[in-house]
Amino acid sequence: MLEAFEAAAPSSGLDPYVPLVALFVLAAAFAVFSVAAAPLVGPRRYNKAKLDAYECGIEPSPQPIVGGGRMPVAYYLTAMLFILFDIEMVFLYPFAVTSDQLGFFGVVEIVLFIATVGFAYAYVWRRGGLDWN
Amino acid sequence: MIAHASAPRPDTAQLLAGDPFWLIVVKTLGIFVLLVVMTLFMIWFERRVVARMQHRPGPNRVGPAGLLQSLADGLKLAFKEDIRPVLADKWVFFLAPVISCVPAFLAFAVMPLGGEVDLFGVHTALQLADLPVGVLVVLACSSVGVYGIVLSGWSSGSPYPLLGALRSAAQVISYEIAMGLSIVAVILSAHSLSTAEIVNAQQDFWYGIVLIPSFLIYLVSMVGETNRAPFDLAEAESELVGGFHTEYSSLKFALFFLAEYINMVTVSAFATTLFLGGWHAPFFLSEVGGGVLNSGWFGPLWFIAKMMVLLFAFVWLRGTLPRMRYDQFMKLGWKVLVPVSLVWIVLVVCVRALQAGGQTTLNVSIIVGIVVLAILVLVMIIPDRKPASDPNRVMVTGSGYPLPPLDLKVPKAPKRQRRSPVAQAAEPEPTALTPSGVAASTSKEASDGGV
């Protein structure tokens, strides 16, 4: 039976990413099904207060109407720094994989590269970009 | 098996390329079920262990030893009302739990659960996919998961979720830097981004021992990455109610819960793969019986056991440590973990280069030690910039009105004078309009008016 299956589905032609797609489809189907089923399975008892935004104590001001909520600028700074270091990682990984082929040249280059980013890092640190108050 | 270990192994990727489609489906289902069951188990496990640490029994009613408790909770959630607040953005609110849940599942696809086994008559490896960029898949999935958090907070149209989502996102991306940098040393040693090859490279020694700084940085950042205690600032109940999923209910909330626990399982599995030798048996057992403990279905056993140790550490941390303050947390991530990682990477690169250049180990360690010490000293002597503080400064608000200094001393109320008018008459009249004088005169007037 299994041999017949194997013969029916010759295995050599499958892309290595097919399993990833299969898992993605399964997980997405599960998640979408759950989200879609939630309103159908659960009860529905209308109450105006239930549909309000959760509040506690004094009413927040300004109200974060969708898209209009303001946020501390420090988060933007963190996001920018994240991009900076993420790019650094993007360059470090290929170097790490091929470091043996690159030899001494690669070592010098990557140390220079880390030093360059290190200067930017030290600058941000000195200017208080990493502080949260 | 020892001979097998030294012989050129069949490439895991090639082995997996031979999987027929039905086997891929079986493995996919297997991983899906494993993750869901691990989530249910972990919720029970966490509640039981934390309960024991707090001298109480924990859930023990539903099923044997309360094992079915989380299943019952999940079913209960499914039959709760699904609430969408009026201010919420309909589609994004709907999509956010999906975006947060799917990558959590997906990251597990590249984990090598075990070595070569015979599964339903097919010789294969216990791994869904062995990609040449396996490590990047895991990191990418954890990055995409941040979208779910941010979008859920933004689309709820409510202040607490928005704040919680911002905190959570900033936290995850900050610790992703540290996590990504800690992995670089492993890739430098294994020369591959494929998870199966990284495990194979650890047959003789685990990277968790050889590259112990990387391992420690990874352990700290994996707790920060998954928003778990003591870094669960996004869900700080005392400040932010429930964090980014405050407005969610029913199965949507369950999906966020599922994603959180799957992420815990995934980072633990990833740590096992990168640092703890994956599915290989511990050293002292790998020689037993000619390596029989290192083959076949023993692989997943070791893998799950190592993973459970790390998952227990998660629970242990939660039961032991209080929550950190947000600024302390960000300071730890950006000012400690990142620079230490960078210095460590430079160190590893230099050691490898010098060894390749024919230097002896002693020479290498001396040279590198001096270099690292110099860098560390340089880094440490950069002082934090102190905020300029002037004691006599008058604060001006945006509207231009000066505010009194914030450390204003409130004058003492002259109680004695009010109680005994005779003693007051003996004292000299206040000449200047000092605060106490003003207070005294007003109190006198008040008492006169009262009489």
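Cβ coordinates come from backbone N, Cα and C, glycine included.
Note: TrEMBL annotation is automatic and uncurated.
So that you can see what the record holds, here are the features copied from TrEMBL:
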type: TRANSMEM; residues: B:20-45; note: transmembrane segment
type: TRANSMEM; residues: B:91-111; note: transmembrane segment
type: TRANSMEM; residues: B:131-151; note: transmembrane segment
type: TRANSMEM; residues: B:172-193; note: transmembrane segment
type: TRANSMEM; residues: B:205-223; note: transmembrane segment
type: TRANSMEM; residues: B:253-277; note: transmembrane segment
type: TRANSMEM; residues: B:297-316; note: transmembrane segment
type: TRANSMEM; residues: B:336-355; note: transmembrane segment
type: TRANSMEM; residues: B:361-383; note: transmembrane segment
type: REGION; residues: B:404-451; note: region 'Disordered'
For the transmembrane segment (B:253-277), which partner among B:20-45, B:91-111, B:336-355 gives the most CB pairs under 8 Å?
B:91-111
Excluding the flanking five residues on each side, which residues at least 6 beyond the ends of the transmembrane segment (B:205-223) place their CB within less than 8 Å of a CB in that stretch?
175-176, 178-179, 181-186, 189-190, 198, 230-231, 267-268, 270-271, 274-277, 313-314, 317, 332-333, 337, 340-341, 344, 348
Please give the sequence-distant neighbours of the transmembrane segment (B:297-316): residues at least 6 beyond its ends with Cβ less than 8 Å from one of its Cβ atoms.
42, 45-46, 49-50, 53, 112-115, 117, 126, 219, 223, 226, 228, 264-265, 268-269, 271-272, 276-282
For the transmembrane segment (B:336-355), what are the same-chain contacts with Cβ under 8 Å, counting residues 6+ beyond its ends?
175, 177-178, 181-182, 184-185, 188-189, 211, 213-214, 217, 220-221, 361, 363-365, 367-368, 371-372, 375-376, 379
